[in-house]
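Colleague: So TrEMBL has the following annotated:
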- 173-364: domain 'Glycosyltransferase 2-like' (DOMAIN)
- 25-54: transmembrane segment (TRANSMEM)
- 351-371: transmembrane segment (TRANSMEM)
- 383-409: transmembrane segment (TRANSMEM)
- 491-514: transmembrane segment (TRANSMEM)
Amino acid sequence: MDAAAALPEAWSQVRAPVIVPLLRLAVAVCLTMSVLLFLERMYMAVVIAGVRLLRLRPERRYRCDPIPEDDPELGSAAFPSVLVQIPMFNEREVYQLSIGAVCGLSWPSDRLVVQVLDDSTDEVIKEMVQLECERWARKGVNITYQIRDDRRGYKAGALRAGMKHAYVRECEYVAIFDADFQPDPDFLRRTIPYLVHNPEIALVQARWRFVNADECLMTRMQEMSLDYHFTVEQEVSSSVCAFFGFNGTAGVWRISAVNEAGGWKDRTTVEDMDLAIRASLKGWKFVYLGDVQVKSELPSTFKAFRFQQHRWSCGPANLFRKMLMEIVTNKKVTIWKKIHVIYNFFLIRKIVAHIITFSFYCLVIPATIFVPEVRIPKWGCVYIPSAITLLNSVGTPRSFHLLFFWVAFENVMSLHRTKATLIGLLEAGRANEWVVTAKLGSAMKMKSSNKAGLKKQFMRIWERLHITELGVGTFLFSCGWYDLAYGRDHFYIYLFFQSIAFFIIGFGYVGTIVPQS
C-alpha cells in the first residue's frame, strides 16, 4: 500500500524535469523526420508528374531498336548470348511455373542458356526439379541443373557459383528470375536491345505484376505498397540519375558490369542492392521499364510476409552501415549522385520511413496523452501524415477505398520494420538472417478444401498468437480510453482504430490460413 501511494508522488517528481523534456525532444525529432519524408514524397510526385507530362519514356531517352531477325548472313548470331538464372530453395509449389516460363522465352535456342540453381535441402523436391529440367532438355532447351554442397552465401552464393562455369564466358548478359516469377515470351526481346545499343547501361529492370493480389486483404495491402515503389520510386530514380536498387529478380545485367563491380557478395541479405550500388559507383547506368511486367506471387501468409519484411528492412540498413564511407570517398560519380544514394535512397526511404512510422504514430503520439504539457501541432499529426498517405496511394488507384486499412496495416508492420532497421544499423544478432519467402502457388486451392485440416488449424489458435502485436495493441487501446476520458485532442479515434488492427494481426486473423496436411 505504501509503494502504491508513493507512485503518484514519484511520477510528479520526474515528470517535469525528465519526462516532459524528453517527450518534447522526441516530438521535435519525429516532426523533423515527418517533414523530411513529406518533402521526399513531394519531390518524387513532382518528378513523376514531369516525366508523364513530358513523356520522358525510356525509349525516348535510349536507343532500343529491335534486334534484326531477317539477316541471312548472321542468322541467330545477330542475337547476343544470354544466360538465365533461376535460383530456388525447396520450391515445390512453383518450380514448374518459372522453369516453364523461362524455357518458353522467344530467343534463339543456340543463344540461350538456362541455369536452375537449386539449393533445396529436400531430396524429393531436388529430384522433382531435376526431372523437370531433363524434360525441357529433351525438348531442345539448353538447360542445366546446378546444385552446391552447401548453402553458403544463400542466393548470392548460388548466383556466384553459377557464374563460374566456363560456358558463361560466352554469354554477354544474364537475366535473373526467382522461382515464382513467370516472364512473358517477349521479355528478352523487349529488354536486351537497351543493353545492346547503349553500352553505358548495366541493368534493365522490369516491373512485378502480382497474380494473387486479390487473394486476401493482406495481399491487397502489399500490392499498394509495392505498386508505389515501382510506379513512383523506381521510375523517378531511373529518370533522374539512372540509378535505383535492383529488385533481385525480373532484371537483366550486363555480365561485364557485374564482374567489374566485384560480382555477387553475401555480406548482407540484400545482395541485389549491394551489387547495384557497387555497379553505380563504377559509373554504370540503369534503366527501369515499367511497361515490361513479370508475373510473380505475393506472400499470402503473415509469417512469410513478416520474414520477408525483416530481410527487406534489415538488409538495406546493414548495407548502409557498411558502404557509407565507400560511397562518400568514391571519385567516379558526381556529388549529386552521392547525395541521392545516401540521402534519398538510403536515409529517407530505407531508414527514416520505417522508424518514423512506428516511433511517432505508435509510441510518441500515444505517450503525449499522459503528458498534456507536450502538444503536437495539427500539421504534424494530421496534415502531413494525410498528405503522405494520399501521395502513396497513387500507385494503386483501384485500392483507394482501402486506404484506411492500408494505413493501419502499415503501422502494424512498421513495428517489425523498425526493429529490423535497428538490427541492421547495429549489426545485431539477426542482421544476416535469411529465411526464404514461402510460396503457395496453386497449393492453397487444393488445401483450402480440406475442411478437417482447417478445423484442426483453428483449434490451434494459440500457435497463431503474436504477443508483441497484442502488447502494442493493448497499450494503444489503453491510451485511447485515457484520451476519451481525460484528453482534448480526440486521438482516441485513431488509437482505437489502430489498436484493433494490432489485435487482428496479433490473434492471427490476417493473410491466408494454410490448413495443416
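Keep in mind that glycine also has a Cβ here, set from the backbone N, Cα and C atoms.
Predicted automatically and left uncurated, TrEMBL annotations should be read as such.
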Colleague: So, do the transmembrane segment (25-54) and the transmembrane segment (383-409) meet, by the test of 3 or more Cβ pairs under 8 Å (sequence gap 6 or more)?
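Modeller: Answer yes, regions in contact.
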Colleague: For the transmembrane segment (383-409), find every same-chain residue at least 6 residues outside the stretch whose CB is under 8 Å from a CB in it, and list them.
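Modeller: That would be 34-35, 37-38, 41-42, 44-45, 217-218, 220-221, 223-232, 361, 497-498, 500-501, 505, 510.
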Colleague: Let me know the model's mean pLDDT on the domain 'Glycosyltransferase 2-like' (173-364).
Modeller: 94
